[in-house]
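Beneath this line is the structure, given in structure tokens, with notes to follow.
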Amino acid sequence: MKVLLIGSGGREHALAWKIAQSPRLTKLYAAPGNPGIAEEAAIVDLHTENHEDVVDFCRTHAIDFVVVGPEAPLVAGLGDVLRAADIPTFGPSAAAAQLEGSKGFTKDLCARYGIPTGAYRRFTDAEPAKAYIREEGAPIVIKADGLAAGKGVTVAMSLDEAFAAVDECFAGAFGAAGAEVVVEAYLDGEEASFFCLCDGKSVLPLASAQDHKRVGDGDTGPNTGGMGAYSPAPVMTAEMVERTMKEIIEPTVRGMAESGYPFTGVFFAGLMITEKGPELIEYNVRFGDPECQVLMMRLESDLLPLLYAAATGTLEGMKAEWRDEAALTVVMASRGYPGAYEKDTPIAALPDASAATKVFHAGTAMKGGGLVAAGGRVLNVTATGKTVGEAKDAAYAAVRDVSWENGFYRNDIGWRAVARETA
């Protein structure tokens, strides 16, 4: 099978690494890729925002299957264009991608289908939003409705912080994504991510993970796209997984189909495990980044036929086998991230990969014959172990072998799980 992978981040490097292991693969292409992905795939100079160029490439190179990694091309309708050209594609339609592309769309779906989530209101003007916030009080959550690269959410602990977040959205900080704001109740509990594949009708549960959104140790500082993750998340017990499937995932699949937007691809449910049980914070319509990296390290099964089954309506009866171990990834980022940061700083050395350790490339590039940091989140140093604590020790040992003066990272990825393991 000839496969084209769309994307250039750490998530796509993890997908490329796993797809490249498939005995069904004959050739893997990637666009735009990165130096890490180049170790697994042929990098293609393809402007993926020009959908017809992607179709032309697929026809010219007899591509059998396209895997779309990031959310933006999905929301822009790349999957629709490819499917219209009879090219099987992993990822939802633009209409179904509204689950991630519009927070308001998802909250309305939850309300219609009784899916547990925080109470909310939608606003297109600052003053009514602020009036509602005054009524509800803090803490409260302010979300830009559209895609904001993981940075459009403010958990406001005071009214002033909430008002500032509303003003930031409506002042254009997130462009069109902030033209509408969702204000929702603050949920108290422990966050977890849960992943499933869906072919429009059937659902295959994958695994859980826990992300670390805040930039600083102790979950301090501003939100980021994610500074680390581990899998599985201990809070996602067998009972919690069963409840998540019955109360959240299955009603969503039914609701999307009944609304005329059958969902194919990966469901990434951002959950808060509260005293009441699992509640939905948000949906994403692609693998998480950096959660994908820990999932791929743990996945025993061949990924390619699972993705193809989700894309072609043949998921029923499929199974995913998982290694009975934990995986943890530490994100190394450019100093200053998530604010302004210096680009093209040299990365002098990376640790050697082993069976238990892998460095996935995110914002990297080759310049002057050397590896440089070209983005905010740059490397995902990932390891496995019998426990989260063991995986954490292995990952941080590898982090110390990275020679990159301009990089920084959190020192406490996995702290909740390690505390549970050592209690």
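Backbone N, Cα and C define each Cβ position, glycine as well.
Pulled from Swiss-Prot:
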- 107-312: domain 'ATP-grasp' (DOMAIN)
- 133-193: ATP binding site (BINDING)
- GLU282, ASN284: Mg(2+) binding site (BINDING)
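According to its DSSP assignment, VAL141 (ATP binding site) is in a strand.
In the three-state DSSP classification, ALA165 (ATP binding site) falls within a helix.
Spacing of ILE133 (ATP binding site) relative to ASN284 (Mg(2+) binding site) is 26 Å (Cα to Cα, whole number).
Counted over every protein chain shown, other Cβ atoms within 10 Å are most numerous around ILE133 among the binding-site residues ILE133, ALA149, MET157. Summarising the environment of GLY189 (ATP binding site), the number of other Cβ atoms within 10 Å of its Cβ, over all protein chains shown, is 16. Confidence over the domain 'ATP-grasp' (107-312), given as mean pLDDT on the 0 to 100 scale, stands at 94. Note on the binding-site residues VAL141, ALA165: the fewest other CB atoms within 10 A surround the CB of VAL141. Cβ neighbour counts within 10 Å, taken over all protein chains shown, single out VAL181 as the most crowded of the binding-site residues ALA173, VAL181. Cβ-based crowding with a 10 Å cutoff singles out ASN284 as the top-ranked of the binding-site residues GLU282, ASN284.
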